[in-house]
Protein chains: 2
Amino acid sequence: MAETQEQTGKDWKSISIARQNEIRNAIPKSHCLSPTVIEGLQDSRNLISIPETCGILSQRELEITSTPSITKLLADIRNRVYTAVEVTMAFCKRASIAHQLTNCLTEVLYDSALAQAQELDKHLLVTGEPVGLLHGLPISVKDHISIAGTRATSGLVSMADNISDRDAYIIEILRKAGAVFYVKTTNPLCMLAMETHSNLFGRTVSPYNTNLSPGGSSGGEAALISLRGSLLGVGTDIGGSLRAPAAFSNIYTLKASTGRIPVAGMEWWLHPGMETVQCVIGPMAIGVDGLELFHEAALASSPWLVEPSLVNKPWDKRVIVNGTILKPLRIGLMLNDGVVTPHPPILRSLKETAKALEEAGHIVIPWVPVDHKGMSELTTATFFQDNAQPARHLIKKSGEELTPLVKFALDGLQSKPLTVTESWDLTYRRNQYRLSYAKLWNESQIDAIICPAAPTVSPLHDTTKSWGYTLVFNLLDYSTAVFPAGKVLDIDGADALPEGVDLDATYPKNSLEELNQVYSKLWFDKDQNGKVLGPERYKYAPIGLQLVARRYEEEKVLGILRTVVEARRNGGLEAY
Amino acid sequence: MAETQEQTGKDWKSISIARQNEIRNAIPKSHCLSPTVIEGLQDSRNLISIPETCGILSQRELEITSTPSITKLLADIRNRVYTAVEVTMAFCKRASIAHQLTNCLTEVLYDSALAQAQELDKHLLVTGEPVGLLHGLPISVKDHISIAGTRATSGLVSMADNISDRDAYIIEILRKAGAVFYVKTTNPLCMLAMETHSNLFGRTVSPYNTNLSPGGSSGGEAALISLRGSLLGVGTDIGGSLRAPAAFSNIYTLKASTGRIPVAGMEWWLHPGMETVQCVIGPMAIGVDGLELFHEAALASSPWLVEPSLVNKPWDKRVIVNGTILKPLRIGLMLNDGVVTPHPPILRSLKETAKALEEAGHIVIPWVPVDHKGMSELTTATFFQDNAQPARHLIKKSGEELTPLVKFALDGLQSKPLTVTESWDLTYRRNQYRLSYAKLWNESQIDAIICPAAPTVSPLHDTTKSWGYTLVFNLLDYSTAVFPAGKVLDIDGADALPEGVDLDATYPKNSLEELNQVYSKLWFDKDQNGKVLGPERYKYAPIGLQLVARRYEEEKVLGILRTVVEARRNGGLEAY
């Protein structure tokens with residue numbers, strides 16, 4: 001540690017403080033919350049409406065950032081209702097506000113973004129044509145995805161000044177399609193947590209309840225988008241890092257199968273030859289259309305010609321529009337993975353959603369999870385086949401201390417790297433799970449599964465120790481979306497569980513007893529008056545659910561997602 | 001060794017002799033060559049016309065087995081010109097003849113095949129409909145692909161009696177499409193050679209010249225199909241095992257990219273979790289239509305729903321029919337991989353083919369190979385990451401001795417298995433090669449490459465030590481076909497190389513000097529009169545060339561293949 005300090009001339013704490021100050025100072029004065037507003041924040045955990053009440057955004061900027069859909073905003077830019085410059089400015093301002101409320105930004109790129117937007121306006125004026133599908137849309141990007149000239153740190157102090165010399169391939173593609181890059185967003189130390197906390201950037205909090213986490217590792221995106229400091233962001237997922245934060249933050253995401261979306265240009269610690277389970281890049285957005293637009297734009301240029309790890313499989317819009325909604329869907333409903341029982345609001349929301357689907361004429365059958373515990377453990381084992389040596393090295397380099405959840409992830413790993421044969425054994429076991437899950441799926445003849453995205457809603461800080469609900473679908477490499485499905489209500493705290501939920505059945509004896517009990521206590525702990533604490537602890541927290549289709553069924557899962565959203569709406573269920 | 005003999009009660013030689021006798025004895029007396037014919041064989045190396053002259057096949061059976069195309073034969077069965085039973089009987093007879101000439105069979109399944117054919121005839125009679133695309137077509141299958149109730153041995157004495165309890169998935173699919181399984185065919189010891197020789201089955205020879213090999217590891221298929229003992233067979237390829245034998249045997253093949261054709265149900269020694277470079281199953285056939293029919297039938301049932309390692313990408317016939325032939329193709333011509341220079345007849349055939357393509361209006365540009373040596377070495381390294389322990393174990397189990405080419409492959413490997421990190425390094429290097437090859441391809445804007453399939457035509461036995469021309473396209477996972485392109489001619493022995501070929505340029509100094517010299521001598525050795533020996537040594541040998549498109553461009557490569565075949569025909573070039 002001493003040696004490293006000598007090398008850099010700075011200790012890790014001062015590097016972190018300096019970086020956090022730099023980010024804060026990059027925010028223009030005119031975007032700063034007034035002392036009065038700041039004072040008001042002390043009394044409230046829920047900051048979700050601050051952008052609209054703080055007085056920083058003009059009426060027109062509020063209109064732009066509150067657009068009902070990304071598709072509409074893009075049309076408004078194309079039709080010159082708004083210029084790209086004013087749209088960009090609106091989102092810069094709103095992102096600045098979001099950062100002050102949640103600590104979600106790592107790079108402030110407003111000058112270059114406005115210059116980019118100006119070019120786009122000029123192009124539209126001169127040619128009458130947009131440059132591409134995303135003409136003028138500000139898109140936010142997770143820290144560890146490279147944008148030329150900006151830092152990609154993986155939340156590591158030792159990488160605090162790691163400036164990318166070129167765009168990640170997906171950024172290059174989105175830029176050509178007309179996206180404007182104006183901010184980068186936080187991720188946790190080494191991406192090794194499902195919350196967003198690092199020494200370098202500090203902690204990102206949920207704007208719905210600052211006692212809670214927006215999730216991770218794409219948690220900066222989640223916090224930013226839930227405040228509409230962005231409508232569409234780019235994150236990554238190898239174990240749930242798109243889906244957990246989306247579920248915790250009232251937004252949509254789609255984790256595609258490996259090999260659909262370009263991944264060249266991510267900076268992080270995993271060996272680039274590790275392919276047993278792979279990290280994917282994906283969108284997080286305020287609506288389903290954002291997920292579609294992202295995939296359509298990403299695949300329009302046939303990126304498999306440049307990045308040969310991708311599958312040559314064009315985006316097939318027909319599936320989304322017509323493919324799946326002409327016949328009744330057959331949906332598997334999984335209330336519980338048999339490992340950690342989800343909290344009551346999630347169970348309630350699942351059952352409400354199932355009912356709405358049935359009312360819309362679809363068929364819902366129970367989905368009985370088989371060995372999700374084994375799959376979940378296997379997935380984690382694949383991440384750490386080399387005992388996380390590169391991550392340990394990068395952490396050690398600055399001498400920074402482990403954050404609690406990273407300590408949890410790294411402690412107790414096997415002590416030496418696997419042999420190649422041991423590694424192949426993991427891959428073989430992965431393949432056996434994929435075969436047996438496909439068999440179950442074929443026997444049940446389902447189109448998709450609806451299930452929890454996590455056993456909890458937005459978690460209390462440093463409590464996220466169960467990744468199983470998302471992990472298994474990385475192992476299976478399934479196309480998996482997350483969508484908003486209500487919020488925590490007072491009724492979720494009644495002593496009785498929701499109707500039809502049997503505590504013994506839902507907290508099975510053969511599960512990871514200890515972890516299950518930890519989660520159970522988080523909700524069912526009681527105050528002095530015997531009242532269940534859950535609803536108060538998790539007050540204002542959104543509920544997000546997971547929708548799972550098979551491998552390479554990205555179009556299909558979005559088609560079904562539209563149907564589910566519509567069924568919930570027709571059933572009188574609010575997104576939040 | 002003594003221990004193993006005690007266990008089995010038999011030594012490996014007697015097991016081999018017994019098995020070879022069993023196969024021979026399973027051939028009905030009426031399919032056996034007469035003593036006169038057998039006597040006549042002594043004087044000739046070239047046996048290709050024996051099936052037509054030996055008197056075993058009736059006129060009608062000759063007509064059936066000499067059909068101009070598989071498509072026509074299938075139509076003839078559907079239209080009841082022939083019954084499935086008589087078609088099956090014709091191919092059983094011709095396969096029997098092929099075995100007596102080349103030693104190509106490992107299983108003789110005539111009874112069950114005729115029973116299967118009878119069922120198909122009944123079905124057609126009763127329903128008026130074929131059961132599927134391949135109704136009544138006899139299909140031959142390489143030894144190590146499982147067919148329920150038959151042996152899958154990988155050419156290993158220790159697996160001589162390894163009877164499969166179920167069909168490989170591809171066999172199940174082809175069976176449902178109406179294929180009839182009547183023989184299995186030889187492969188070399190452990191599939192570890194590009195010729196076909198094992199202690200268990202002995203040596204398979206080329207019917208074009210018995211001094212030469214039909215290639216390997218799918219060499220039994222190649223010998224059988226070139227004698228029209230089969231029109232369509234199923235083989236495998238991880239380093240050239242479909243393509244080398246097809247090139248050496250005047251037939252067509254397509255090695256698809258990993259993940260298009262089901263692979264579940266192969267029996268062999270490679271660890272099933274080894275995925276750096278993977279073995280694929282593919283067709284070998286008398287014509288392009290056979291390759292198409294195989295792929296169409298294989299994908300018609302959406303096999304990715306059952307075998308999730310496959311890509312969800314239906315067979316797209318439009319590409320073959322319309323996609324690529326409407327505009328001039330841009331073809332890269334690679335005469336030499338910069339490692340081992342191909343023999344003169346191959347260079348001649350490449351130049352003739354290029355000329356024919358240009359005459360047909362297509363554009364041919366030089367393709368300069370970049371580091372094919374490195375790619376080739378890397379591919380081999382991936383096969384032996386665990387020092388081939390499972391193969392060594394299976395060989396040791398029976399005490400059998402190594403065949404010369406397997407000894408060549410296994411000697412001098414690194415002495416211990418890799419660590420997982422070393423293995424990931426190989427994968428990373430593979431990915432870098434894939435990226436840089438894609439870059440070259442994009443810069444040249446080519447549709448395909450035409451190049452040698454090997455540096456030699458059908459090789460003299462035990463001389464095949466260079467796999468590079470095919471290996472690299474396994475590393476790149478490209479869609480790669482092989483097609484017949486003439487035969488060795490006397491003019492190939494002129495002291496001068498073919499016009500335009502520069503010896504210094506084609507035998508570059510920076511290549512694998514030693515291997516290159518070995519190959520050079522094989523052709524350019526001279527007799528006492530100073531005459532180049534090549535044309536006599538390789539007399540009657542067919543020439544096969546390789547046509548390479550990118551990953552997942554199976555439909556495209558077949559479309560281009562049709563164009564190439566047509567251009568050659570229009571240019572007056574014979575297939576053989």
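Every residue gets a Cβ built from N, Cα and C, even glycine.
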In TrEMBL, the substrate site includes A:Met191, A:Ile238, A:Gly239, A:Gly240, A:Ser241. Which of A:Ser206, A:Ser217, A:Ser257 does it also list there? A:Ser217
Residue pair A:Ser217 (active site, charge relay system), A:Gly240 (substrate binding site) - Cα distance, angstrom, rounded: 8
Counting all other Cβ atoms within 10 Å across every protein chain shown, which of the binding-site residues A:Gly239, A:Gly240 scores highest? A:Gly240
Same-chain residues at least 6 apart in sequence with Cβ under 8 Å of the Cβ of A:Ile238 (substrate binding site), in sequence order, are A:Met191, A:Leu270, A:Val277, A:Gln278, A:Cys279, A:Val280, A:Phe383, A:Asn474
Please give the greatest C-alpha separation between any two of the substrate-binding residues A:Met191, A:Ser217, A:Ile238, A:Gly239, A:Gly240, A:Ser241, in angstrom, as a whole number. 11
From the Cα of A:Lys142 (active site, charge relay system) across to the Cα of A:Gly239 (substrate binding site), what is the distance in angstrom? 16
Going by DSSP, is A:Met191 (substrate binding site) sitting in a helix, a strand, or coil? helix
Cα-Cα, whole number of Å: A:Gly240 (substrate binding site) versus A:Lys142 (active site, charge relay system)? 15
Hey, does DSSP put A:Ile238 (substrate binding site) in a helix, a strand, or just coil? coil
Take the C-alpha atoms of A:Ser241 (active site, acyl-ester intermediate) and A:Lys142 (active site, charge relay system) and report the distance between them in angstrom, rounded. 11
Cβ contacts of A:Lys142 (active site, charge relay system) (under 8 Å, same chain, 6 or more positions away): A:Lys184, A:Thr185, A:Asn187, A:Ser217, A:Ser218, A:Gly220, A:Glu221, A:Gly233, A:Val234, A:Gly235, A:Thr236
Beyond the site residues A:Met191, A:Ser217, A:Ile238, A:Gly239, A:Gly240, A:Ser241: chain residues whose C-beta lies within 8 Å of the centroid, for substrate: A:Met194, A:Gly216, A:Ser218, A:Thr236, A:Asp237, A:Leu242, A:Ala244, A:Cys279, A:Trp467
Take every residue in the domain 'Amidase' (A:86-558), average their pLDDT values, and give the whole-number result. 94
